[in-house]
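These features come from Swiss-Prot:
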type: BINDING; residues: Gly166, Ala167, Ser168, Ile232; note: NADP(+) binding site
Amino acid sequence: MIAKVINGKNIAKKIISKINLKIKKYSKLGMRPASLAMINVGNNPASKIYISNKEKICKKIGLISYLYNFSKNISEIDLINLIIKLNKNNLIDGILVQLPLPKEINKLNVLEKIIPKKDVDGFHPYNIGRLCQRKPTIVPCTPKGIIRLLKYYKINLLGLNAVVVGASNIVGRPMSLELLLEGCTVTITHRFTINLKKYIENAELLIVAIGKAEFIPGSWIKPGAIVIDVGINRLKSGKIVGDVNYEDAIEKASYITPVPGGIGPMTIAMLIENTMQIYINNY
């Protein structure tokens, strides 16, 4: 069996194109353009790439982006004061803080200061709480993008045994909540999980987000499983790989996402979609 490759890059392009048409329509109606404020702290190379990719897409489709770059020495209070200022600016629709932040800054304290209706990443406790209560408003971008991909390929999630590897607040935890909403039976594993292999071997849907290059061998994959690889890792050779051994897993899975070109583009597409959702709600 050779898995069908889920092309997130192409699907993300289609989503962005539809949003572009909406932006042009709103412009003809005399509406102001949507806007996104992005805050980056420090010189993390990966963060710079993510920010640059977001800026390029915003510029391409006519969505205004504002980038606030700070050194790693910025104080937490200065960062919070900027967020409070952006909260009050009616010309700013969405606000995001690029993660990770320096360890000296309390991440939750900062994210909580973004008002929920401008929380484009969906990380505010209010928005996560809505997701827990089955009444989502703004959904975190990566889990939202994964569900969108699965639905695009008409994969029936109802009743599937889903295993999420990684329990981060960004992907693993909200992903498990999204899967519950879709009717999956969900197991979430983490660094304290004993015998991880046992769980993965029983997964009909496997979602991996741990940031460890090719950590999951193909031999662990259940034949016919759907494999979603969120990881993005650079090997010493310079090659970009995911958290799953792609070359082996593709021979056992029924569907699989590549790295790069799988989940990454969809995450950005969902960020743009969330921004437009906030724009329409708040206009």
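Any Cβ shown, glycine's included, is placed from N, Cα and C.
As the structure is a computational prediction, the values presented were derived from the model and not from experiment.
Annotated features taken from Swiss-Prot, shown on the structure.
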residue : record               : contacts (Cβ under 8 Å, 6+ apart)
Gly166  : NADP(+) binding site : Gly172, Thr189, His190, Val208, Ala209, Ile210, Gly211, Val230
Ala167  : NADP(+) binding site : Arg173, Ile188, Thr189, His190
Ser168  : NADP(+) binding site : Ala209
Ile232  : NADP(+) binding site : Ala46, Gly211, Ile240, Gly242, Val259, Pro260, Gly264
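Residues Gly166, Ala167, Ser168, Ile232 are listed as the NADP(+) binders, and the farthest two of them sit 16 Å apart at their Cα atoms.
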